[in-house]
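Feature list (source: TrEMBL):
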- 39-188: domain 'APS kinase' (DOMAIN)
- Gly47, Leu48, Ser49, Gly50, Ser51, Gly52, Lys53, Ser54: ATP binding site (BINDING)
- Ser121: active site, phosphoserine intermediate (ACT_SITE)
Amino acid sequence: MTDINLLQQATESNSANPDIVWHEHAVRREDREKLHGHQGAVLWFTGLSGSGKSSIAGALEQALHHIGVSTYLLDGDNVRHGLSRDLGFSDGDRVENIRRVGEVAKLMQDAGLIVLSAFISPHRHERQLVRELLPEGRFIEVFVDTPLAVCEQRDPKGLYKKARAGEIKNFTGISSAYEAPEQPEVHLNGEQLVTNLVAQMLDVLRHNAIIKP
Ligand SMILES: Nc1ncnc2c1ncn2[C@@H]1O[C@H](COP(=O)(O)OS(=O)(=O)O)[C@@H](OP(=O)(O)O)[C@H]1O
Ligand SMILES: Nc1ncnc2c1ncn2[C@@H]1O[C@H](COP(=O)(O)OP(=O)(O)O)[C@@H](O)[C@H]1O
């Protein structure tokens with residue numbers, strides 16, 4: 001079964017149960033957004049290991065927090081300590097990881113938060129399915145475009161070295177595929193200064209009326 005089939009099957013499994021009925025509640029997303037003073041949205045950072053996803057998302061979260069925006073940062077390494085601690089790096093496990101994170105991100109944006117997610121999320125189809133989970137305009141795909149050679153040079157955790165030595169299997173970019181986004185909402189040059197990239201992201205959020213000018 002392909003990764004797209006696995007994700008579709010997992011996403012559809014509950015909606016196929018006729019005994020589970022959606023319950024609409026009185027307090028709506030719009031009401032929660034009014035309290036926050038901004039829209040809920042998911043900023044979906046994708047890129048190779050070492051491309052700068054966590055650094056950029058972290059610095060952007062600090063900048064947003066500073067101006068009173070309610071945020072939450074979902075980070076690949078951290079989520080794999082809890083919610084996805086049972087998962088590894090096979091295609092099937094990555095599909096399930098992204099499905100779980102997509103559902104969590106959806107709930108958090110429904111709560112009115114700006115969610116910053118920093119996962120390699122290497123497959124186009126999985127990112128597309130997360131996009132489809134969210135209301136129109138609330139999924140912003142951010143491609144952190146850093147050449148493999150630069151990521152490998154940075155190698156802050158020594159993982160590329162281990163992958164090249166054959167000590168880690170299925171390592172993205174080395175022995176497992178990374179499919180770059182074709183039409184991301186935002187295309188960041190991961191070799192620029194993090195402060196410049198944060199400024200670029202704040203412009204995007206203002207331009208899309210997610211936060212106030
Ligand atoms: N085989 C393999 N391939 C890629 N990455 C690996 C692997 N093994 C461990 N790591 C570490 O796990 C982090 C990536 O986890 P993600 O949850 O973002 O991956 S995925 O989206 O499910 O593909 C990734 O973190 P980042 O470097 O922050 O991207 C790595 O530190
Ligand atoms: N724009 C950048 N320019 C130079 N170095 C960076 C930049 N962004 C991140 N780094 C460095 O690259 C390494 C990997 O960054 P990290 O944010 O952990 O990437 P990822 O979350 O994609 O694995 C870290 O040592 C970080 O300090």
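Placement of Cβ uses the backbone N, Cα and C atoms for every residue, glycine included.
Those TrEMBL annotations? Automatic predictions, nothing curated.
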(message) Using the alpha carbons only, what distance in Å do you get between Ser121 (active site, phosphoserine intermediate) and Gly52 (ATP binding site) once rounded?
(response) 14
(message) Using Cβ atoms only, which residues of the same chain lie under 8 Å from Ser49 (ATP binding site) while being at least 6 residues apart in sequence?
(response) Ile120, Cys151, Leu159, Tyr160, Phe171, Thr172, Gly173
(request) Give the three-state DSSP assignment (helix, strand or coil) for Gly50 (ATP binding site). (result) coil
(message) Looking at the domain 'APS kinase' (39-188) alone, can you tell me the average pLDDT?
(response) 97
(request) Summarise the domain 'APS kinase' (39-188) by DSSP state, stating how many residues are helix, strand and coil. (result) 61 helix, 28 strand, 61 coil
(message) Can you tell me which of these binding-site residues sit near ligand 2, meaning the Cβ is under 6 Å from at least one of its atoms: Leu48, Ser49, Lys53?
(response) Ser49, Lys53
(request) For ligand 1, pick out the binding-site residues Gly47, Leu48, Ser49, Ser51, Gly52, Ser54 that have a CB under 6 angstroms away from one of its atoms. (result) Ser49, Ser54
(message) Please give me the CB contact count at 10 A for Ser54 (ATP binding site), counting all chains in the structure.
(response) 20
(request) For Gly50 (ATP binding site), write down the residues of its own chain that are at least 6 apart in sequence and whose Cβ falls under 8 Å from its Cβ; none is a fine answer. (result) Thr146, Val150, Cys151, Glu152, Arg154, Asp155, Pro156, Leu159, Tyr160
(request) Note the Cβ centroid of Gly47, Leu48, Ser49, Gly50, Ser51, Gly52, Lys53, Ser54, the recorded ATP site, then list each other residue of that chain whose Cβ lies within 8 Å of it, in sequence. (result) Ala118, Ile120, Val144, Thr146, Cys151, Gly190
(request) Sort out the sequence-distant neighbours of Gly47 (ATP binding site) for me: same chain, 6+ apart, CB within less than 8 Å of its CB, listed by position. (result) Lys53, Ile120, Phe143, Val144, Asp145, Thr146, Gly190
